[in-house]
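Contents: one structure, followed by commentary.
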Amino acid sequence: MGSPILAGEGDPLDGMLRISSADWFGTYVLPPVLARFSLSHSKIVVELVSGAHLFAVCAASVESGRGGYAWWQAAARGCPMSESFHPYRDVEIRAPRGTTLNARSWLCEAPLRLLMNNLDPEVAENPRELVVYGGIGRAARNWECFDRIVECLKALEDDETLLIQSGKPVGVFRTHRDAPRVLLANSNLVPHWATWEHFHELDAKGLAMYGQMTAGSWIYIGSQGIVQGTYETFVEAGRQHYAGDLRGRWLLSAGLGGMGGAQPLAATLAGASALLVECQQSRIDFRLKTGYLDEQARDLDDALARIVRYCGEGRAVSVGLCANAADILPELVRRGVRPDLVTDQTSAHDPLNGYLPKGWTWVEYRERAAREPAATVKAAKQSMAGHVRAMLAFHAQGVPVFDYGNNIRQMARDEGVENAFAFPGFVPAYIRPLFCRGVGPFRWVALSGEAEDIHRTDARVKELIPDDPHLHRWLDMARERIRFQGLPARICWVGLGQRARLGLAFNEMVRSGELKAPVVIGRDHLDSGSVASPNRETEAMRDGSDAVSDWPLLNALLNTASGATWVSLHHGGGVGMGYSQHAGMAIVCDGSDEAAARIARVLHNDPASGVMRHADAGYPEAIACAREQGLKLPMVGDS
């Protein structure tokens, strides 16, 4: 095997270091300040730090057998790395627009475009590393897998199904036209081994990928995907605690990543001001650029002065502060500052990659994560413990405090904060009554790339659901305040019966030419019947079935049998390895009669399974909904 080609130590034109080899796919571009090379005997030692995480300290033997230079040894963890190595790829990916097909049909074109849309620079947090959101949530296992997935989707027939195993295309099988075109299983581990430590070993060996929820299932639409859910949560909190009026009130939270980035806009839409703490300036810049965050404060004193002024004026303004929440929240408690609502959306679910330890810089965090992963996790969790103690202090003062699903309470409990669960999660506190009626996140994407297609569907939603002023207000605010990221998309929370009605209407709009191209309908995995997560969606279930994960498995099987275009089954999204299982689906409205039949089945059965799950747990609202909708539930009352 020949030695690798190192093309310079820094290009003055772009300030990047280029490294290439015949054994690699393409040329990869690395910032020189984040890449250090040294020669030791017959090995080239490479240290790579990215904006998201330190890949590892890697040593590549130029004479090693398997593919020469492409066979890497992860010295930091002692794990072999081959195609799992994730260098930057210096490309910009955007989904195709318009009506020209790149695949054999719209059923295959849709997942192709949505995969690419997940990696659009307007959408993904770190597209050069395939990272979409949520720490290390990726769309494909590595760039070779991405290339092969694209090839498979372009060649896929309408009676074939592509299988994806943790971001890797592993097979294409003959099925039938109403079967899903893609089935995805991401990050799933046998329970005893479902830990971050074991996952990271597999990831380093190229055997696994963290799919989060909608990253690996190709239906992420940027921060809009979580805005309405966050808005609904804040509105309900205002209703419960402040007589439905958040004017002059303010929210304290942290995290402006792919999920947390929705908080400032959702808060202002709900009528409250917000102080958002974020440790990465780049994330604050992105939220300012996209209109999700209104302004940035110089320091904590400036931030508090702004919040006091805006609340006094009755204005809803969001303020970002570049700092570490592990420092800021305890300091606010010490000062006696009293917010009106407190939560958190840092990536606490992943202490190795998603939560900056107190007193560390971000670069130090990434370097030590590779060299001392166990010590880094310990430091992050200790900082989370202090963060949660501050949240508990606010809770003890009577401030409404809730966990927003990032598992920070569990991390704090692991570090000895025994009362970490004294404040509730957002689902049992505010959202579960909606789930009991099958109400949840319903999103759709215009494959045409035309914003007008979304505006036309917005109008149709209002026509078909005329008696819901809350929904109409949301749609009006969304059109005015939310900028599209990547392909134009919309989300709104609707329930059983409504989803199928809307899907069939969208399909007819495609058939008639009112929409310029087909539409994809999907949802978050955070939905009524598609997730088991005892510290989040299924926390404090009425019958104690919090940890029973049969339900998302049944949901995925039912959506497969019903004819969804692609179906996904994931583990660990939102709260981290070992704490959740969840399923997703997407279906194409291409204007055909066949699509209408599939839409009617999928968009009824999917939310109906959520009503079933909650009725089975004994919730009266769900039992009543099941009876109203004529669901056949053999073990539930008279249904």
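For all residues, glycine too, the Cβ spot is worked out from N, Cα and C.
Curation does not apply to TrEMBL; its annotations are automatic.
According to TrEMBL:
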{"type": "DOMAIN", "residues": "93-219", "note": "domain 'Urocanase N-terminal'"}
{"type": "BINDING", "residues": "134-135, GLN212, 258-260, GLU278, ARG283, 324-325, 345-349, 355-356, TYR404, GLY574", "note": "NAD(+) binding site"}
{"type": "DOMAIN", "residues": "222-430", "note": "domain 'Urocanase Rossmann-like'"}
{"type": "DOMAIN", "residues": "433-627", "note": "domain 'Urocanase C-terminal'"}
{"type": "ACT_SITE", "residues": "CYS492", "note": "active site"}
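Separating the Cα atoms of TYR355 (NAD(+) binding site) and CYS492 (active site) is a whole-number distance of 30 Å. In this structure, the CA atom of ALA325 (NAD(+) binding site) is 31 Å away from the CA atom of CYS492 (active site). In sequence order, TYR210, GLN212, MET213, ALA215, GLY257, GLY258, MET259, SER347, HIS349, ASP350, GLY354, GLY573, GLY574 are the residues of the chain that are 6 or more apart from GLY134 (NAD(+) binding site) and have a CB within less than 8 Å of its CB. Annotation note: ALA325 (NAD(+) binding site) sits in a helical segment as assigned by DSSP. Looking at ALA325, CYS492, the recorded positions in this record, the fewest other C-beta atoms within 10 angstroms of the C-beta turn up around CYS492. Less than 8 angstroms from the CB of GLU278 (NAD(+) binding site) sit ALA254, GLY255, LEU256, GLY260, ILE284, GLY320, LEU321, CYS322, ALA323, each of them six or more residues away in the same chain. With DSSP classes pooled into helix, strand and coil, the tally for the domain 'Urocanase N-terminal' (93-219) is 41 helix, 24 strand, 62 coil.
Reduced to three states, the DSSP call for GLU278 (NAD(+) binding site) is strand.
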